[in-house]
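The feature 5-amino-6-(D-ribitylamino)uracil binding site is assigned by Swiss-Prot to F22, V57, C58, E59, T81, V82, I83, V114. Under the heading (2S)-2-hydroxy-3-oxobutyl phosphate binding site, Swiss-Prot lists K86, T87, R128, citing sequence analysis as support. Summarising the annotation, Swiss-Prot assigns active site, proton donor to H89 and lists sequence analysis as the type of evidence.
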Amino acid sequence: MNTYEGKLQSKNSKIAIIISRFNSFINKNLLDGAIDSLKRIGRLKSENISIFWVPGVCEIPIIVNFLSKQNKYNGLITLGTVIQGKTFHHELISKDFNNIIFNISIKKNIPISVGVLYTRNINQAIERSGTKLGNKGSDAALSVLEMINLLKII
């Protein structure tokens, strides 16, 4: 039996982070977590990390699609926060967003990690961006590193 598992260190990889400006007070924590993991665990240099700010989560997919066609990056990380309001707008965003991102990843054979929070309230978002429940930006970074390395050995 053969077992394959991607490692976390990927010091020569180039990563693009696409991050939403909306809810930036939360998203900046996600970004800090992602960058820390890429540098400290993945051993990436700052010059191998590119950050693209977009207005909101809905604008992330077009940049992901554009960057995936350039063959410049080994992996992409998406960061943002969608907090449930009084309408069902958040449900539409979450379903469509994930489907679009997953389709791009499969079509372009590029690891794309989703570090977008979908929460019921602001407290849940804060907890997932670096307090009680860890940092989902860091988790997204580790996931993309592992997938980059797994694809290299398959």
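The backbone N, Cα and C atoms fix where each Cβ goes, glycine too.
Location within the structure of each feature annotated in Swiss-Prot.
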{"residue": "F22", "record": "5-amino-6-(D-ribitylamino)uracil binding site", "Cβ within 10 Å": "16"}
{"residue": "V57", "record": "5-amino-6-(D-ribitylamino)uracil binding site", "Cβ within 10 Å": "26"}
{"residue": "C58", "record": "5-amino-6-(D-ribitylamino)uracil binding site", "Cβ within 10 Å": "17"}
{"residue": "E59", "record": "5-amino-6-(D-ribitylamino)uracil binding site", "Cβ within 10 Å": "17"}
{"residue": "T81", "record": "5-amino-6-(D-ribitylamino)uracil binding site", "Cβ within 10 Å": "27"}
{"residue": "V82", "record": "5-amino-6-(D-ribitylamino)uracil binding site", "Cβ within 10 Å": "23"}
{"residue": "I83", "record": "5-amino-6-(D-ribitylamino)uracil binding site", "Cβ within 10 Å": "17"}
{"residue": "V114", "record": "5-amino-6-(D-ribitylamino)uracil binding site", "Cβ within 10 Å": "24"}
{"residue": "R128", "record": "(2S)-2-hydroxy-3-oxobutyl phosphate binding site", "Cβ within 10 Å": "23"}
How many Å separate the Cα atoms of R128 ((2S)-2-hydroxy-3-oxobutyl phosphate binding site) and V114 (5-amino-6-(D-ribitylamino)uracil binding site)? 14
On the Cα atoms of F22, V57, C58, E59, T81, V82, I83, V114, which are listed as binding 5-amino-6-(D-ribitylamino)uracil, what is the maximum pairwise distance in Å? 16
